Amino acid sequence: MKVYVIDYHKDDPKKCTGRKLVKLKLAELTRVGRGIILNPFSERTLSINDKDILIKSGITIIDTSWNNTSQNEFKNVRGEHRRLPILFAGNPIHYGIAYKLSSLEALMATLYILDEVKEAIKFSNVVKWGHTFIELNKELLEAYRNKDEEEIKKIEKEIIEKILRK
Ligand SMILES: C[S@@+](CC[C@H](N)C(=O)[O-])C[C@H]1O[C@@H](n2cnc3c(N)ncnc32)[C@H](O)[C@@H]1O
């Protein structure tokens with residue numbers, strides 16, 4: 001399975017998880033999108049229906065800064081754009097914040113949802129807080145795993161309603 005990173009060089013290189021994946025040769029740097037494009041602004045939600053795309057063409061993460069990003073950085077990237085359903089960041093910068101995942105967390109979540117749990121756990125060893133993300137979201141990841149888009153959207157809606165009722 002191929003992992004690609006488009007790097008906009010906007011974040012501190014020492015903390016950038018996309019760059020770390022490339023440095024460790026776990027991902028390839030690219031300027032062109034391939035396969036599933038992880039795009040938090042997409043209208044389509046990632047689901048098991050996307051597994052064939054992952055296997056055939058891989059996945060592209062767009063490493064930009066959450067503090068300074070725009071839809072334009074994603075718009076021109078060719079590929080199958082997908083957002084992730086609600087999940088909480090486990091990284092020290094955005095800990096506990098919904099949807100604002102690091103590049104590495106977004107990759108782990110994708111693999112988990114596409115029923116590649118062993119691969120997701122392998123990637124969690126790349127940083128010391130990698131396991132925190134899996135533990136924090138275990139219930140949600142298990143709920144989304146192997147489900148189609150409609151089922152995932154339904155689960156996500158129920159979770160959001162539950163949070164709002166609190
Ligand atoms: C905004 S960048 C932040 C990168 C940061 N430099 C790092 O080290 O992780 C994170 C990237 O991960 C993917 N991503 C994160 N959260 C996502 C979500 N909720 N849905 C889809 N993709 C997401 C996107 O490709 C996004 O551009």
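Cβ coordinates are placed from backbone N, Cα and C, and glycine is handled just like the others.
Residues or ranges marked as S-adenosyl-L-methionine binding site by Swiss-Prot: Thr17, Ile62, Leu84, Tyr99, Ser103. Cβ neighbour count for Leu84 (S-adenosyl-L-methionine binding site): 21 (other Cβ atoms within 10 Å of its Cβ, all protein chains included).
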In the chain carrying Ser103 (S-adenosyl-L-methionine binding site), residues 6 or more apart in sequence that have Cβ under 8 angstroms from it: Val5, Cys16, Thr17, Gly18, Leu21, Leu38, Ile61, Asp63
Count of other CB atoms lying within 10 Å of the CB belonging to Ile62 (S-adenosyl-L-methionine binding site): 22
Spatial neighbours of Tyr99 (S-adenosyl-L-methionine binding site) that are distant in sequence (at least 6 apart) but have CB under 8 A: Pro40, Leu84, Ile86, Leu87
Pairwise Cα distance maximum in Å, S-adenosyl-L-methionine-binding residues per record: Thr17, Ile62, Leu84, Tyr99, Ser103: 18
